[in-house]
Amino acid sequence: MTADADFWSQIFNFTNYGELLVLLQNSIIAGAVLGVVGGLIGVFVMSRDMAFAVHGISELSFAGASAGLLFGVGVVEGSLVGSLVAAALIGLLGTRARDRNSIIAVLMPFGLGLGILCLALYPGRSANKFGLLTGQIVAVDNPRLGSLIAISIVVVVGLAVVWRPLMFASVDVDVASARGVPTRFLSLYFMLLLGLAVAVSVQVVGSLLVLSILVTPAAAALRLSSSPVLVPLLSSVFAVVSLVGGIMLALGGSVPISPYVTTISFLIYVVCRVIAALRKRHGNSGRTVDPLPARG
Amino acid sequence: MTLPDPTSRPAGAPAAPADAVLALRNATLGFGSRTLWSGLDLAVTAGEFIAVIGANGSGKTSLLKVILGQQRLSGGTARFLGAPLRRGNRRIGYIPQQKLADDGTPLRARDLVGLGISGHRFGVPLPSASRRHQVDELLAAVGATRYADAPISSLSGGEQQRLRVGQALAGNPSLLLCDEPLLSLDLNYQRTVSELIDTQRRARDLGVLFVTHDINPILDMVDRVLYLANGRFRIGTPDEVLQSSVLSALYGSPVDVIRTRGRVIVVGTADGSHGHPDATGETAHHDRHLTPDGQAS
């Protein structure tokens, strides 16, 4: 019985919760900001079918962060450089989906290997090392929160500026290109924004779990709606709830923050799928009349 | 009909009519040492429906790319509404092959059509009553009002192609370029989508260039046929071009054109391992689904 209580108090512990909340105020703000970024860019990750690219970029981001740690440049700077290099490579070399997937598959293990090498050579505490892969609950200090918010603003404003043509190019590249939308430029532009978004997400949830912020919330939102207004809105709400909720649950426990975030985000996805399945059974398809029997 | 410089035209090439929407003169397209077609003279007049057919790799799609300003001619001139071609011309509508949208597409039917109106503009789309009205009109014109608010990933291929027609009409075009828009549709939808395009070109006086591997679904709609093969081409009415002697000369090998029950079957053009898509396999496949009067069963 006591062993059992110990186990649960490691995971959930709400003693002195008020004080902890104040201490980790920065983390919670960071989580909320990241949620908005992840939720918004996730919509394009889904419509451009780039979930695998997110994973690839995050491994290179891990390599960059490890190198930053080893050479004393800084984890944040290192992960930014790693992300941007990976995003640029994938954007430049992988214009077609098949090319892109093979380039990512080539880059990813190389990045992971490089990161592991840097960590092995790093003489410091091992808790820092593990945190790069699986996330960390270390308090986000003020300068770090500042840089995180600044990068997030760049991503959100950067997305807003190209929102419409980027959506056009994402769902219908041939027609968009025929209409004069600069599809190649947008593709590279988007990759760089994605690189920035991955780099900031890695700092909170770790490189292995970035997908839970950049893909799962958008995938869940797409189960519920196809409205170009509702999907980004829901996706951001889901991501914010996952991150802020995860951080708040993790506060007292001795477990890293990422399992809480990924679990909430996963549960939201499951609920959305169930709702979608129920709706389908009740024939709510957005059509005013039943479709004709002959379908092409 | 005046010609700016008659000497620059090759002998025998027809002058572009005054009401030509699109005029290609002595146009040549090649990549490196390979020439797709050369000396192409083509004038598309307002309201004219022209089918572009020919073997795989004969440069049908490349012709559309040239007109869209995505590819430069290696020789000759091309003008649209009297001006040189440029990228992103709003007066040219484009309908590509049907590709089924997947679940990751955050758009409803009306949003896809809306992209045709303002998808090229930067910024976040703000709600606009006039745009909504315009979208409603386009949806009604292509008969898609019924599923206006359905996610496009839930629509059939034929329903999606109707939307594509609406999207292409959004810019109030003078010329419609269609690149295999009937591909992978069943016969019923091949019929309705091509009839939709035909109705709209008459109503709006659109020039239409319709790239297809199978002329039969549009045979009774087209005014002229541009047949590309082996770097050569023939332009004329379907009756003029779709003849054994004409196509045999074009391919440089015996080709039979068989007309049966109002359909045209081209036999003997199998070039290369891909096989000619006009060859019997394809059309025979369709024939099985047709009732004798040519209507989709």
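Cβ coordinates come from backbone N, Cα and C, glycine included.
Fair warning: this is a prediction, and the values are worked out from it, not measured in the lab.
Per TrEMBL, the features are as follows:
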type: TRANSMEM; residues: A:20-46; note: transmembrane segment
type: TRANSMEM; residues: A:67-90; note: transmembrane segment
type: TRANSMEM; residues: A:102-124; note: transmembrane segment
type: TRANSMEM; residues: A:145-166; note: transmembrane segment
type: TRANSMEM; residues: A:186-217; note: transmembrane segment
type: TRANSMEM; residues: A:229-251; note: transmembrane segment
type: TRANSMEM; residues: A:257-278; note: transmembrane segment
Are the transmembrane segment (A:257-278) and the transmembrane segment (A:186-217) close enough to be called in contact, which here means at least 3 C-beta pairs under 8 A that are separated by 6 or more residues?
yes
If we call contact 3 or more Cβ pairs under 8 Å (sequence gap 6 or more), are the transmembrane segment (A:67-90) and the transmembrane segment (A:229-251) touching?
no
For the transmembrane segment (A:20-46), out of A:102-124, A:186-217, A:229-251, most C-beta pairs under 8 A are with A:229-251
Give the nonlocal contacts of the transmembrane segment (A:229-251) in its own chain as ranges (CB under 8 Å, at least six residues past its ends).
12, 14, 17, 20-21, 24, 27-28, 31-32, 34-36, 38-40, 42-43, 137, 204-205, 212-213, 216-218, 220-222, 257-258, 260-265, 268
